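Report on the structure given below.
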C-alpha cells in the first residue's frame, strides 16, 4: 500500500533536473497552495485560532478615483485590481477582530508571485513592520490606528519584480502561523516607476512621462523622405485585459520571474516574442501583398485587437509589417511602465552582410541586376526606443535604447534586436550589447554602384554616402507634430566626428569593404539629378531629369530611366516603365527632360503602399563615365473623413460618421472599414461589398464614450485594390 501512495505523489511532483532543486519559475499565472495554518509542531488540544488576532477584511483603496491609483498614475487602467508602481508607497487598511496591540500581536504581509515562491529569488516577499520606509527596499509602516482597524503604508522595492502578486496577511501565534485565505480580489499589480529616482526607468521630465507612459495614442510616420506621411495608432495600454495580455507575453517568452524587474531583459525577450518567427510570438509578418486568412497590415488601427486576440488564442495574429510590430511593442512597454516611443528611420538600410555598404550591381546598359543585388534600402523602417539605465555598460550609455520587434536578422539564434544604446551607435561604440552593429548599419552605410565587366572584374561607378538613414523622426512630446532625432543617432554627414565614429565602429569589428580596385574616380564635370512630381493615386505625373555640364567640352549622353513598383522595404516587384533617350550636352549649360508616367502604366500593378522606385543611369559617351541616381516616391492616397454629431459626454450616447469617396476609375470590391478610439469605443468593423467608381460610402456609428478629456478616433479602410487609407478626428469628451 505504502509503495502505491508514493508513486502517486511522485506523479504530482513537477519534473526536476540535476541542476536545480526547483523547476524554473516562468509563469506569473501559476500559483502554489499556501497553508492557512502553518503549525510549528503538534497543536495542543485547547488551541483555538479564534482567540488570537484575526483579519476580518483588507481594503486596498483600488478605485480609479481613490488615492493609490491617483498617486501612482495608474487610474487610467481599466481594471478592478490594485495597480501600483515600485519604489513608491501605497496605502491599505486592515480590519481585525479586535484592536491591534503592538506589544503582544505580531503580524506581517506576504507578497507571492508564481508557483515556486522563494525569498532569494524575489518571488516570496515577507513585508515586516518598520518605522522608516525607503524606496530601495520593501517595508510597511502603520500610519493610523482606529478601533479595530489599522492603516498601513507599504513600500515595494524600486527593483522588485514587475507583475501580479498575491497578498496574504500572516499572524504569529505560539503554536503556528495563521494566514488569510487566498483572495484574488487583493491581487496587486506592481509596475515600473519612471517617477521614482531609484527605478532603472526613471525619467526626470514630467511632460515626457505624460507622453511616453500615459499617452495611449501615437503617430506613425511613413511614406518616404521626400513625402512624409503620418497616421495615428491607438496603443490602448490601459484598455481592459491589456495588462494581463502583456504579462502573458513574458510567460510566453519563458522569462524567469526573477528577471522581470530588469528592463534590459524584458526588452530583449519581448523583441523576440512580438514576432512569430521561431517562438510562435504575437504577430506573423507578411511582405508579399497577399493577406488571405488574415488582416492586411495596413488595416489595423491599433494594438488592442492584436494583443487580445493573441491572449485568447495563443496563436500568432496575421499579419504585420514594421509599424505594426513597433505599435504593439510600444503598447507592451508603456503598459508595464517602461517609457517608450515609436521611431521611423527614412531610407533604412537592410544590409544583408553588415559591411556598411549596400551594393547595387549594374549590367552593361547601366540597369540594376536584381539577381546579384541582395541588399535593400527600406523607404522607411519603424522600431522603438525604450528609456532605461544600462548598468551592464560603461557610464554614459543609458537613456534611449533601440529595440526592434520586426524579424529582420537573427541575434543569438533568434529573431530579435536590442536593446542597443543610441548613444553607443552615434559614437560608433558598437562593441556593447545588444545588436549595435546591425542598427549602426541601418542608419549608416554607403550605396555603391558596381558594374561587372565581361571579364568578371568589378568597377565601382558611383558611391552615394548620404542616402542611408537621412532622417530619423518620432512624434513630438505633447503634440501630433514630428520631432527629428537624426542627430541622436549620427553626427553631421562629412564632419570630423562622423569619420571618428566610423573609425571606432570599424575598430570594434563592423566590416567595411574597401574597393579592391581603386579605379573609382567620381564624375566631376557633369551633374545629373531628377525630380518626381507629387501625384494623387490614379492620376498621371511626370519625372523631370536635369543634366548640368560644367565643362568646356560638348558631350553626348545616353540615359535610361527605370520605374519600378516596390514594397516599402525597397524590394522590387516589377518594372512598369522603361524609357531610354540620348541627347547632346552643350558646354557650361543645363538641360531638362520630362518623362510622362500614365496611370494606366502603374495602376494594375500597384502594391499596398503605392511606392515607386526610380533608377536613373546615364553614360557620357565620350568619357565612358556612368552617372547613377535613385529615388523612391509615394502616391497621395485619399483620406477617410470622420465627423461627430451632437454632444459628446462621458457615459452618454454619441454619433460618429465615417465617409469615403472612391478615387479610382474602377469599383472597389470587398471593402473593410475599422473604427476605434481608446476611452471612446472598442474597435468596430463594417464590410461593404462594393463601392462604385467616384461614389461615396457613409457609415454611421453610435457609441458610449467612457473617459472624459481629449480623445482621438482612428479609422482605416482596406480592400485588395486600395490600402493605407486612414482618417482621424480629435474630440473632447465632457464630464
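From the backbone N, Cα and C atoms, a Cβ is placed for every residue, glycine too.
The annotation region 'Disordered' is assigned in TrEMBL to 1-30.
Taken from TrEMBL, the feature domain 'Transglutaminase-like' covers 314-407.
Sequence-distant contacts of residue 322 (active site), defined by Cβ-Cβ distance under 8 angstroms and a gap of at least six in the same chain, are 378, 380, 381, 382, 383, 406. Per TrEMBL, active site is recorded for 322 (among others).
Annotation source TrEMBL lists active site at 381 (among others).
Sequence annotations record features per position, and here TrEMBL assigns active site to 404 (among others). Neighbour density for residue 404 (active site): within 10 A of its CB lie 31 other CB atoms from the protein chains shown.
Sequence-distant neighbours of residue 498 (Ca(2+) binding site): residues of the same chain at least 6 apart with a C-beta under 8 Å from its C-beta are 490, 491, 492. According to TrEMBL, the feature Ca(2+) binding site maps to 444, 446, 493, 498.
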Same-chain, non-site residues whose Cβ lies within 8 A of the 444, 446, 493, 498 Cβ center for Ca(2+) are 445, 465, 466, 468, 469, 490, 494, 502
On the domain 'Transglutaminase-like' (314-407), the mean of the pLDDT values is 91
Should one count Cβ atoms within 10 Å of each candidate's Cβ, the binding-site residues 444, 493 would be headed by 444
With neighbours defined as other CB atoms within 10 A, the best-packed of the recorded positions 381, 446 is 381
Using DSSP three-state counts, the residues of the domain 'Transglutaminase-like' (314-407) come to 15 helix, 41 strand, 38 coil
